[in-house]
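Below: the structure, in structure tokens.
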Amino acid sequence: MPNVQSFSTLRARSYVFRLPLFTRLMVLAIVVLWLVGIQSAWDLRKWGALIPNEMNFFTAYRMNTFPLIHLNLLHALLNLLALTPLLERFESEYGTLTSAAMFFGPLTTIPAVVYVILERVIFRVNTPVMGASMWVFLLLSVEAMRTYKINPYFVIGTVQVPTWTTPLVMAFVTAALIPSTSFLGHLCGIGTGYLFGLGYLKFIAPPEKILRWIEGKLNLLRRLPHYVSVDQKTYGRFGVLPSSSSSASALFVGRSPKLQKAPPYISLLLIVVGVAWLFMLPLNDYSRRTYISENALLPGQVHTYFGGSDQNVLRAYRHEVGALENKTNTEINDKLEHMFRSMGLKVGRQNYTYTTSGNTVAGENVYAILQAPRGDATEAIVLIAAWRNVKGEFNRNGLAVALALTRYFKRWSLWSKDIILVVPPDSRAGTQAWVDAYHDSHDSRRVADLPIKSGALQGALALDYPQEERFEGVHIVYDGVNGQLPNLDLINSVTNIAGGQMGMGASIQHLFHHSDQYRDRLACMLRGMVNQGLGHAVGPHSSFIPYHVDAVTIQPVGQGWHDEMGLGRLVEGTFRSLNNLLEHLHQSFFFYLLMQKERFVSIGTYLPSAMLIAANFTITAIALWVKTGYAPEKPADTTTKDGKEDAKEKKEGIDAKTKVEQKKKPEETPVTVERELYLPLSLVTGCQFLGFVPLFVFNHAPASLLAPLFVVVTLLSLALPHALSFFLVTTYKPTHQQYQLITSFFLLLLGMFLSTLATLNFSLAFLVGLLATPLTFVRPFPQLPAARYAYSALLGLLNPGVVVLGAAAVATTSLLNGGSGLGVGPWEAVQKVLEEGAFGWSVWGMYTPLIFWCVWFPAWLVGSVVVLG
Amino acid sequence: MKLPLALLLTPLLNIVAGLHTSNWAVLVGTSRFWFNYRHLANVLSMYRTVKRLGIPDSQIILMLPDDMACNPRNAFPGTVYSNSDRAVDLYGDNIEVDYRGYEVTVENFIRLLTDQMPRSKRLLTDDRSNIFVYMTGHGGNEFLKFQDAEEIGAPDLADAFEQMWEKKRYHEILFMIDTCQANTMYSKLYSPNIIATGSSELDQSSYSHHADNDVGVAVIDRYTYYNLEFLESEVRDTSSKKTIGDLFDSYSYEKIHSHAGVRYDLFKGGADAARSRLLTDFFGNVQNVEIDGTRNTTMIDDELISLSKTIARLSELAHEEEMAAKMVAPPSQKVGRHRRSQSR
């Protein structure tokens, strides 16, 4: 049993170079035919596959062509990998001529004929087959038969299993694991193999005399390279393999200087491809138009009737709501409760109190349930009209529309689901408290239970309409907490109804005039990614999404001719669509990036981008781990290795150039060395846990201290690597190997965290990954102080704290937040960001601070220490 | 001279034997859920039509998998309409649903056709029964979905019809299906005396005709709509002489937006015989009484007999004239030559 340790490039290469002639030809034929199969003008597969119903005298060629033709690259690759060693063994045993005769003759045609007969006569089906897997199984069973003669049973527990069954087991496993394999075709191969292995087919092999005669006459041995003569055959199982075992113990990366140098370039390539990939997405070829997947939704197919006298009702409600503007939460809720009761709705109220950053956020939600007159109360849809929106503006019109709509909905008898109108006092904590309590996952010390409930929530729509004027279009806000998104069908429905039925423009991500050109698409996508990456709640709907309740916020924007009734009709249309649902929205995508309201990329298309960036860390980590297992070729004295490090590297460069000459010299045996794990492991683990300190501090510090604390922590974190490095160098004198191990460990962790995170919150993983890319290339610069300080300055710029401060400074001046800036200075901006982080952590369950402090920060810290080493 | 006459008479005698004595209709909707409102409206429209043309409820098997009238989403509770003018409430107050909800299964449908359904409403047909089978729902290449959970394949349907034929359970069948790729559903039929028609070809969708914006869903499919239009405007009562051919000729791609298909080859007499069948033979309840020849056919027989008598008399007359003209030549020689020329 060969183990991984004994695998070496040299052996592998020499094995490949010594492959005998017929095997080579077959490999070549398979590759060439695969290449031919790529073009679309002529269907090679149709021409060459073994199609039982098309077999006749003139298509008999198929019996020989089908093993050489493959469905796709993967199919060809797997079969090649399996076939080559088996075929090589067969050929070196029987000789090139015999192999050619056998494989162009009986060993291919017999199974093919059997297969065709079985398919046509017995099963009466017509399953085309192709691919060399039939040969693989045939050769396997020949081998298995031989093993059986020497070693008839192997024992599992107390059961003796005959060894000849192994190919059958493999055929079963293959059939189970890989879809669309022809089990019958494999069986035919196995059957023929057994017969051959048992010697029943010996008679079809061409007689040796004739072969010798042909060889002698044509002088094949001299003329053909890699030819295996009849006499030369080795009876080959454990035949002579090229390389001796002396140089067989090095893992390939450790051996080849060329390969040793490759990983940084591979990493760089992955980063470049990953980033380029993202920028390709807005192109037409990579993004798709949105479409409604769920048949039941039927958006825009109903007339909406909200209008007429309802306008007077709405005006009255607006008046009443306006009168309550400066009242206390309780007074407002008393009044609202009265209104709801007069509509004939059931009303509930709920208190909540959150404490974060030393502040107390408390309030009382009021909500009303409109029971479906003919429904069964097992499902509900939610209409949210928060008293104040996320910016703290008074949502006068939004609430008035919601009230008028609820009253209007009460008149319809066609609801299949209850409708719940929720009026939280704010858009950030109130909805979270309500939705937590609705799903019984609240902390009852902070959030009260809900007195009345309805069925499972199927969807939620929030209205955010503080402006007094008529509007031009609606802005759909869809990002949920932690970057989770509502089902794309919901956004599509709203867009469809707004644009198609109401004639309103719909916009997303604050791009109100989207040109649908590359620039706007990219901007839209990047804004979406920033929102997703931050993972905070951007509207009252955000809290619903982690509970798998699809929700969006609708904000009327711009100056136009649409009035509140239009907004009401939009909600009516959307509710009628949601009302049609038979099951939870599930047909469409949950993971997507929108680049225009009608254009998106789905996870399969965008995920590789973040994954490639995460993989770049992992690849470097593995390469470093392998490297540390061997001493350098001219072992440097480890205690004084600093001086020789560069010399050694230069030597490597020379090695690469003079490889050819080197080859002729006897191989140096690489020296395996013990890895000194203690220091690297404890350093990386320690730094990893160090991240919890700022996490704790910033989640518990009072708001007024947040910004100063942050600056202090940032400054400390900038100084920390220097202190740590000084401490390490003076106390432990880490070796080069230890630095490499440190790098390997922290990169491995980072790669793991980020690739996991990419599946949960793509944008966060991508952004953190991108900002951490310089960490891939960290290494000590003992001889080059300039490089060392330059690199550590670069890392200093990418310090998590510095990045946040920079982003805050940019955000206060730029377009990040809706084109208006935050309206505050950088200092307040930092404070806001930190408050949001602490608030999100304790109220929304937002994990962005955790990623920030416990994934990114430790990686940065360790990376900086390595650079300074 | 008698031999061609006998040949001429055979098809006519077949027509005499080809009369049916009862009409049945099997109307099957196969999809549930609110957004498939139109399929139930399709079936109910057909139900109204066959009832209008006289087939009694006792001879109609109506399978409805869902109850749109009582769906809470229905803005007009208790009603089902197949047109946005909402002129006719298809549900009305006189409707007999024989199989409903989860009773509408492939098994029950096949049991019904092959008469293995002991305790429910049965299809009590015999070898003198004409059956109109109408199906609608969501389908694909050679299958029709039943209620999201199962499907009937074209071969299953073909085998069920064959079993019916073997059990002498039908005289003639008009099979009509409105679903996507509907024509594939009848492609596997192999039993005699079936006329089949479907709404769309392989890889073609079948489209809805229009939606009612107050009900909020599409209310009828195009193919069914135009069938109904023809039946309502051309077949006003059972005395209509419109034929199957007339109905099939009214199908056009412009109207239906898919290629409606027809299949005659199973029918005895092929396309001509099938096309000449009256629509009321399947949609109406025109019952013929089986006695020894009805008035019409005896008249034809009489006419034929008198015609053949005339022919015989004329030929005899001609022969005599010939004989009289060629009296000069010896008669035996003449006859012999005549015979020779005939045999040539």
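The backbone N, Cα and C atoms fix where each Cβ goes, and this holds for glycine too.
In TrEMBL this protein carries:
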- A:60-201: domain 'Peptidase S54 rhomboid' (DOMAIN)
- A:635-667: region 'Disordered' (REGION)
- A:21-42: transmembrane segment (TRANSMEM)
- A:68-87: transmembrane segment (TRANSMEM)
- A:94-117: transmembrane segment (TRANSMEM)
- A:123-142: transmembrane segment (TRANSMEM)
- A:154-177: transmembrane segment (TRANSMEM)
- A:183-203: transmembrane segment (TRANSMEM)
- A:265-283: transmembrane segment (TRANSMEM)
- A:606-626: transmembrane segment (TRANSMEM)
- A:677-699: transmembrane segment (TRANSMEM)
- A:705-729: transmembrane segment (TRANSMEM)
- A:793-816: transmembrane segment (TRANSMEM)
- A:850-868: transmembrane segment (TRANSMEM)
Key: Other parts of the chain folded back onto the transmembrane segment (A:21-42), taken as Cβ under 8 Å at six or more residues beyond its ends   = 48, 68-70, 73, 76, 79-80, 83-84, 87-88, 91, 96, 99-100, 103, 132, 224-228
Query = What stretch of A:94-117, A:123-142, A:606-626 shows the most Cβ pairs under 8 Å to the transmembrane segment (A:154-177)?
reply = A:123-142
Note = Under 8 Å Cβ-Cβ from the transmembrane segment (A:183-203), and at least six residues away from its ends along the same chain, one finds 50, 106-107, 110-112, 114-115, 118-119, 123, 127, 129, 133-146, 164, 167-168, 171-172, 174-175
Ask   = Between the stretches A:123-142, A:606-626, A:677-699, which wins on the count of C-beta pairs under 8 angstroms to the transmembrane segment (A:265-283)?
value = A:606-626
Key: Distal contacts, the transmembrane segment (A:677-699) - CB-CB under 8 A, six or more residues away   = 356, 706, 709-710, 713, 717, 728, 732, 734, 738, 741-742, 744-746, 749, 834, 837-838, 841-842, 849-850, 853-855, 857-858, 861-862, 865
Request  = Could you pull the average pLDDT for the domain 'Peptidase S54 rhomboid' (A:60-201)?
outcome  = 84
Query = According to DSSP, how is the domain 'Peptidase S54 rhomboid' (A:60-201) divided among helix, strand and coil residues?
reply = 104 helix, 9 strand, 29 coil
